[in-house]
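Trainee: Quick paste from TrEMBL:
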BINDING   His78, Glu79, His111, Glu112  Fe cation 1 binding site
BINDING   His245, Glu246, His278, Glu279  Fe cation 2 binding site
REPEAT    259-299  repeat 'HEAT'
Amino acid sequence: MSPSATLPDESTSSVQADPAVLALRKTLTSETAPLAKRFRALFSLKHLAAQKPATTQTVPAIQAIAAAFTSPSALLKHELAYCLGQSGKDEAVPFLRAVIEDRQEDAMCRHEAAEALGALGDLNSLDLLRHRRDDTQEEEIVRETCDIAIERIEWVHSEAGKAERLKHSDFASIDPAPPLAESTTAPSIPTLEHSLLDTSLPLFKRYRAMFALRDMASPPDLPTAVPAVQALARGFKDPSALFRHEIAFVFGQLSHPASIPSLVETLSDAKESSMVRHEAAEALGSLGEEAGVEDVLKKFLDDPEQVVRDSVIVALDMAEFERNGEMEYATIPAE
């Protein structure tokens, strides 16, 4: 990718006026800084970018995150796109569109940029997303993600979507699809699992079942938690790498010990997509306090896939964070 040519112009005057953002930006964009340190800087910037109401640090933080798209690390760039989507700010849209439009960029990064536009609910990006979805020459994971993003944007802005009452979730993330609407009769785990695994359904509907199952597994002592995790784990047999990667992401959010066997199996499968294996590694990092997890991760420090090696480095840093009981995986505390 040639971000200097394709990413929107930005003024650095606002960045330079804020020493905290400037210091974080310097770490994030440094190719000599340890990857784990760069990730902590990124999540610090994400916190600043997502503040509500917006502050004087908001736009500079978004610009700082986008500045790191010059990195050769696919893992880092995919995480940049995710964080821009989680910011909830329209100022992130031009940077994300530029990533999707760059055919030379890694497909994993472009998929995450498409998902981020869906998270932002950006109506003006619908034409771009439809074009990528319908382009038969496009990477499958990008096409599938664009399809989900389109459905989410349309759902967010529809009268039906606005009228839906969603069950409260323990997770603050902006998900690719909402969980199922709250109803007088809660759906059973077998019913949700059926929808999750039904490949004849649109991915958006299957994702809704996925996030409904996630919410039934939190907190971890719920009687539905282990059965919900087990239902989700069966999603690792799905033919879609995008879908399998999202299962691993959800397990990272849940940090439930019942997910460890399926995550280890996924990471250990050399034939599995690196996009899925890397997400499994990071999910295991969130379970770093559990016995044996760090030893498993260390076995993959020399994995043939760069994105997996990088993910293991970050996962081991996350495991240390979990073990030390730190409040926030960042270099500055959340306010």
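The backbone N, Cα and C atoms fix where each Cβ goes, and this holds for glycine too.
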Trainee: Compute the average pLDDT of the predicted model within the repeat 'HEAT' (259-299).
Mentor: 97
Trainee: Can you list, in sequence order, the residues of the same chain other than His245, Glu246, His278, Glu279 whose CB lies within 8 Å of the CB centroid of the Fe cation 2 site?
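Mentor: What remains near the Cβ centre is Arg244, Ile247, Ala248, Phe249, Met275, Val276, Ala280.
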Trainee: Count the Cβ atoms, other than its own, that fall within 10 Å of the Cβ of Glu246 (Fe cation 2 binding site), considering every protein chain shown.
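Mentor: By my count, 27.
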Trainee: From the centroid of the CB atoms of His78, Glu79, His111, Glu112, the recorded Fe cation 1 site, which same-chain residues not already listed sit within 8 A by their CB, in sequence order?
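Mentor: Along the chain, the qualifying residues are Lys77, Leu80, Ala81, Tyr82, Met108, Cys109, Ala113, Glu115.
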Trainee: I need the nearest neighbour of His278 (Fe cation 2 binding site) among the binding-site residues His78, His111, Glu112, using C-alpha distances.
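Mentor: Nearest listed residue in space: His78.
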